[in-house]
Amino acid sequence: MDVIEATEGTTTFLVPVQDSTGQFPPGTAPVFFNRRMELNRDATVLLLSVLQPSDYLDAMGATGVRGLRVAHEVGIPVTINDRDPEAIPLIRENVARLGLPVTVTCRDACSLLFEQAFDAVDIDPFGTPAPFTDAGIRGTRRFLLLTATDTAPLCGAHLKAGIRRYFARPGNTGYHGEVGLRILLGFVARETVKYDRGIEPLFCFAREHFVRLNLRLTRGPKAADRTIERLGFILQCPTCAYREELPGMFPPAATCPFCGKPLRPIGPLFLGAISSDEILGQMQARLPSCGLGTQKELEKLLTTCREELPTSSHYDYHRVAQQLVVSPPKIETLLEALRSAGFDASRTHYSGTGVKTNAPLPVLYDAIRGKNEP
């Protein structure tokens, strides 16, 4: 296997040479490594430096980069696992080069997690984490970290695949990125509560090509009940921008109060807050000292997530303006107009044209048209 050196954060490691002319270069190497996931890995290192779990499992290590970085930059006991025998020599070589006390195993991830528990478990498969979620929950003492890259099924572009994998109906809406994140959160919640455990989102976010969940798992029937109380549906009008949030497991038939069209249920999904402001604040305070390559991007993400309203959906206000046949205002003008009208409003990390607000739809329409400018 031909390898080259790469560096992320303060960690230097070996990765396989990729064919840069391929349609998806990471898939051309014998062992998988995706450079575009550096932000994801940086966020993991930063979060774990705050949480300080007693040990950590990188359940699907591939090159082992994520686990290597956690061991080297966070300084906690790490196990790196991969079921591919071809990946193990490279992981071991990287461990030896760094002189790290890391345990390396070659196991099926589910089998390992059924037999052994870790304080923090990281599941980062190629595609959907759904087949590994139950084992991940059973093998996690406190912190469960999940990545999904099957954004098309999660966001409703591949509807039947989304229903099969997550037992939920996605929605290909103007806020499909948030739908995907909340569908995945809802799925993990339902898998967790059957063990009389609950979930507490610490830092969950979505990018163009992946969704990342960082969760604290809590114990007891009451914790499970609190999680169930945060599950429900979004009822979306197929014609206009109207939607409403509906807690509970069984959505009734409803019609849009503006169009009269039947509302389409999206879910079940997670309706609660997707991050902990306390944890995000601690991550921001620690960020400048971590030497991360995506520091500026991560700082922007953390700031936006802290300011983002906890509502369960957002508006792509450019898309709404197109429906209204008007030119969209500047986003700050729109936010100020909504606030001046007495409502909360914020940007969203999902999209540069995403706006969250608790304003009724007519107020949002007027603000986009410029009728209630401050």
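For all residues, glycine too, the Cβ spot is worked out from N, Cα and C.
Binding of S-adenosyl-L-methionine is annotated in Swiss-Prot for Arg66, Asp82, Asp108, Ala109; the matching candidate from Arg36, Arg41, Arg138 at the same site is Arg41.
Within 10 Å of the Cβ of Arg66 (S-adenosyl-L-methionine binding site) there are 26 other Cβ atoms, across all protein chains. In this structure, the binding-site residues Ala109, Cys237, Cys240, Cys256, Cys259 were compared by how many other Cβ atoms lie within 10 Å of their Cβ, and the smallest count belongs to Cys259. Sparsest Cβ environment among the binding-site residues Asp82, Asp108 (other Cβ atoms counted within 10 Å): Asp108.
Closest to Cys259 (Zn(2+) binding site) by Cα-Cα distance, out of the binding-site residues Arg41, Asp108, Ala109, is Arg41. Each residue contributes its Cα atom, and for Cys256 (Zn(2+) binding site) and Arg41 (S-adenosyl-L-methionine binding site) these two points are 42 Å apart. Taking CA atoms as the reference points, Arg66 (S-adenosyl-L-methionine binding site) and Cys237 (Zn(2+) binding site) are 42 Å apart. Mean model confidence of the domain 'Trm1 methyltransferase' (4-368) amounts to 95 (pLDDT, 0 to 100 scale).
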